[in-house]
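These notes concern the structure reproduced below.
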Amino acid sequence: MNMEITNLKSYKELVTLSAEEKTKDLKDYLNDKNRSESLIKKFKNFYMDLSRQRYSEKTLNKLVEYAEEVELKKKVEKTFMGEKVNMTENRSVLHTALRIPIEKINTHKIIIDNKNVLEDVHGVLKKIEKYSDDIRNGVIKTCKNTKFKNVICIGIGGSYLGTEFVYEAMKYYYYNMELNKNEKDQVNNFNNNYDQDNVFNVRFLANVDPNDVNRAIQNLDQYDTLVIIISKTFTTAETMLNARSIKKWLSLKIKDDENLSKHMVAVSTNLKLTDEFGISRDNVFEFWDWVGGRFSVTSSVGILPLSIAFGYKNMRNFLNGCHDMDEHFLHADLKENIPVLLALTSFYNSHFFDYKNVAILPYFQNLLKFSAHIQQLSMESNGKSVDRNNQPIHYNTCQVYFGEPGTNGQHSFYQLIHQGQVIPVELIGFKHSHFPIKFDKEVVSNHDELMTNFFAQADALAIGKTYEQVKEENEKNKMSPELLTHKVFNGNRPSTLLLFDELNFYTCGLLLSLYESRIVAEGFLLNINSFDQWGVELGKVLAKEVRNYFNDTRNQKKSDNTYNFNESTKNFIKLLLVQIKKKKKINTNLK
């Protein structure tokens, strides 16, 4: 379907409707009981509240019409069926297939190259289940015939961000599952004597900066450590340099190649290179070219290390949560479809209000890595400048995503959100804490105190405070009248509230799939390919020339290479190398 989205009938009508919406105040909308109730959407025990967005029911219905006009439903269905919606790389996009339970292997068939891909998916999952159970139960041992205690995951971008988010999100929930076998009250919740046999210390190594290597190995013993190297091609420059560095670290104590291989695992499709690296084929876990890196958490990329950390049964619950939200995304009516409504809301805010940022604000400290994952997931997917018709784009595409857990963010960047540029926010809250504590002399529990801020921030952004209110308050505080404008909050700042019962493995899966699905939907609304990332490539290509130059210069090689750096780059490279030149004579070849 060739289309310029801004020429569509519904888009033009949204231009008119949004102009009307700009004259309205959220304070009035929030007093409309019917509207407020109709904009709370429910799925399972999860709620989404859109009542603080700057649209009426009429405008929201027009947004749904727009989704229908761009044939969103049909495009989502094609994606789930395995059609090659990633047209620039001629690939299917089937991260959703990774979550389909084994009992649906025949009812949810996905045929690619005359084969049901679910058979391969569950073959790998079965291998992960056995391997992770054997690691956890001490059946697979270290070269010292002891149980592994530590895991280092080496990857970059989508090969680690999502997995790290899930690990940090669920780590203390898992620990407390062990503790809660013995009932405790909220006062005595500080007894954290975890069973160390069931706790694996997982670290992530991504940055090629050697400081990240140092951080990853700090206070670890090689004999206790399993290394998982994640690279589909086993050629990713940063990942493989880090892998070689960690292999060298392991070999400082583990001299024998056979013993060394017991401490290394790969998630890759390149068996030739994993063989050459010294990794046993039994320790190589597959994934497929229809799994994009940023959508790979539920492949062996994430499920392998997370199953070692938490047990495969818990990760199956996580996959079930993902699958249930996938099914909701695929089948629910657009007017009740939570990922679609989130996508339409972002599309509306970006295109018709020109809001270019989104703040992700989880009121749950264990989601401290969630915003970083969503930042990559959204901005690498939808940060594009060419549409699906291969034409340059002249409208807003992806917004800039950032965030920090509440209440930390309130003492950081919320000042700008309240009184600077308008930034729509998405607040994520939970009814229950992983670590509930309440003391008799406190008015509320610690978690309730957190959630008071969750609700207060949403209303403060929407309602604000007028000059008249500030003036009335000032009768008591005696602030100089000319300074009162500094305390005015304009309000009318949109927010979305997401509320879950608790963050468990299942709801963590719901949350992940919700955002994955929302970003896929938004890409179709924008008429772009959300599944390639050519913007990553140019820097890699240019880095090769700099790498070759560093190699020639530092090793004082005579080279026939011609380095075509611009003058600015030449000057700064000289500054980098000047200290080395002082120590020994080096020919920089830069004239």
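Cβ coordinates come from backbone N, Cα and C, glycine included.
Since the structure is predicted, the reported quantities are computational estimates derived from the model, not experimental observations.
Residues or ranges marked as active site, proton donor in Swiss-Prot: E380. For E380 (active site, proton donor), the number of other Cβ atoms no farther than 10 Å from its own Cβ, over all displayed protein chains, is 23.
Just so you know, the Cβ of H411 (active site) picks up 10 other Cβ atoms within 10 Å once every protein chain is counted. Positions annotated as active site by Swiss-Prot, on the basis of similarity to another entry: H411 (among others).
For K540 (among others), the entry in Swiss-Prot reads active site. Annotation for K540 (active site): spatial neighbours A237, criterion Cβ-Cβ under 8 Å with sequence separation of six or more.
Between the CA atoms of E380 (active site, proton donor) and H411 (active site) there is a gap of 29 Å.
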